[in-house]
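Chemist: The transmembrane segment feature in TrEMBL is assigned to 7-27, 79-100, 107-127, 147-171.
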Amino acid sequence: MKRSIPLVVYVVVQFVAFLLVLAGTSADMFRIPRGSLPTLCITLWGLRLTCNSSGYAAYIDATFRPCPHRIARFRLAQAFALISILVYGAAFVLGLVLLFYCSLLRLVCLVLNIVGVVTLCVVWAAIAVTYNKDDRSFCRGLKVTGHYAAGFFLLVVAWILDILNIIFLLLPLQMRGSQDCANSMDYTEQD
């Protein structure tokens, strides 16, 4: 059975994007240097006193207590990050099914990738707003004290890969008709 090169590329790129979303969601979004003290790291979930620690010194609610709008943005980013993990994972799994069994799932994968672009855009946009926007005089944008960290860049790269995957799915593919899924399963059973 001949594999379509754009579909193989789609599955590989989707797997990489899924891993990037998974890693980026738990990684630090901001780093705040403190001179001779260890650098503070802020993830979607809270504040770490050192960037290589696994525990949190304070969760987002305590970290940004005087900044309710910032807490709301982080909660939104948390929810959409979890949704993005599920969407990217489903797109990868269905991409494998698409590659090996059923080309009719191409439209489902396309829809999942479009949803993934939207959900992940919400995450990194919320982080970018937090970095740039002063919510109040005592809630300065994090660009004043820190800078973006690896997690933010991983999410943006995953988002770009998802856009590329939409292009791969839109490339013309040879459709074998509506019996494609059944025929491919019969073909694999005969092997």
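The backbone N, Cα and C atoms fix where each Cβ goes, glycine too.
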Chemist: Grab the same-chain neighbours of the transmembrane segment (147-171) for me: Cβ-Cβ under 8 Å, and only residues 6 or more beyond its ends, written as numbers and ranges.
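Modeler: Distant contacts of the transmembrane segment (147-171): 6-7, 9-10, 13-14, 16-18, 20-21, 23-31, 41-44, 51, 81, 88, 91, 106, 109-110, 113-114, 116-117, 120-121, 123-124, 127-128, 131.
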Chemist: Who are the chain neighbours of the transmembrane segment (107-127) in space, where the CB to CB distance is under 8 Å and they lie at least 6 residues beyond its ends?
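Modeler: Hits for the transmembrane segment (107-127): 10, 14, 17, 21, 29-30, 44, 73-74, 76-77, 80-81, 83-84, 87-88, 90-91, 94-95, 98, 148, 152, 155-156, 158-159, 162-163, 165-166, 169-170.
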